[in-house]
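Enquirer: Among the features that TrEMBL reports, domain 'Semialdehyde dehydrogenase NAD-binding' is placed at 6-138. Annotation source TrEMBL lists active site, acyl-thioester intermediate at CYS158. The active site, proton acceptor annotation in TrEMBL covers HIS254.
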Amino acid sequence: MSEKLKVGILGATGMVGQRFVTLLENHPWFEVTTLAASAHSAGKTYEEAVGDRWKIETPMPEYARHMTVVDGDDAEKVAAGVDFMFSAVNMPKDQIRAIEERYAKTETPVVSNNSAHRWTPDVPMVVPEINPEHFAVIEHQRKRLGTTRGFIAVKPNCSIQAYTPALAAWKEFEPHEVVVSTYQAISGAGKTFKDWPEMVGNIIPFISGEEAKSEKEPLKVFGHVDPERGEIVPFDGPLRITSQCIRVPVLNGHTATVFLNFGKKATKEELIDRLVNYTSRAAELGLPHAPKHFIQYLTEDDRPQVRLDVDYEGGMGVSIGRLREDSIFDWKFVGLAHNTLRGAAGGALECAEMLKALGYITKK
Ligand SMILES: N[C@@H](CC=O)C(=O)O
């Protein structure tokens, strides 16, 4: 019998679901045994259900092609065959909240890419390199749900991944006023140039809901677990973030340009030192998808560039460059992260690896 944990993917036919299917091929700890989607796809092979909507640059993995897609709404039946689920389901937020809770209540942990539960106070929203201690809130969530094993954990939005790691690395210098502009790839909207030709040579200065996520989610990531309330309390220090989020004609890779002030003075050498020497529990634990070096600093004036740097550490690392003093703010810099790897399915997969390593996800 396989020692690997059996995992299901809810929303397996969409772009993030496809990324999970691809990343999980030959995973050393997890084996995909269930692909779940809407009733419309149920009963078809995965290949038939996806049809011509395969959006990943590598071909559909062989293992998935002939698997029969099941109805994700049938939570109790689907959950019976897996140790835990990834959620990449795409439906209205209240329905996502409800279906993820239904799975958790079947004693099946759910690791979600969705935003629906990001602000549920006892749901940890984790970047494994930054705030893995937030997983401690799971014991409180289990009490609320009445479960011993089931829970929901989420990862934050893709847009924050290009700059929040730098803010984490510079915590001792107390970043407090942060102005961010994000330049977001079209895959963040689940699209390729084939299905969004209007984006060729174009820029759209609006991404629905994105600016609020970019400004607020880092505060939950930098928050702490209140053991009395059994909740994550968002960071209530002086950190304030304002952002503009722009869609640009790039397939994969969200870039952020950032201006910021610090509470404590720092030299350029100190700032670069904290980036390149950033260490984390995720790297120490040797998780299969944890980058060996989470943050690279590029000294060339024209880096980070999407084409050259988006795949740093298999798309799980973050590239920072152009750190320099500013005439109005203290410092400015540019960051880049892969939005569908570090920022979506890869980030959720690394969360699941950490949850397994810490004993939160086990064999049923
Ligand atoms: N909403 C983002 C995707 C991040 O998860 C985007 O549109 O790029």
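Glycine is treated like the rest: Cβ placed from N, Cα and C.
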Enquirer: Using a Cβ-Cβ cut-off under 8 angstroms and a sequence gap of six or more, which residues of the chain neighbour the residue listed as 'active site, proton acceptor'?
Expert: CYS158, SER159, GLN161, ALA162, THR182, TYR183, GLN184, ALA185, GLY188, LEU336, ALA337, HIS338, ASN339, GLY343
Enquirer: Tally every other Cβ atom lying within 10 Å of the Cβ atom of CYS158 (active site, acyl-thioester intermediate).
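Expert: There are 27 of them.
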Enquirer: Determine how many residues of the domain 'Semialdehyde dehydrogenase NAD-binding' (6-138) DSSP places in helix, in strand and in coil.
Expert: 43 helix, 25 strand, 65 coil
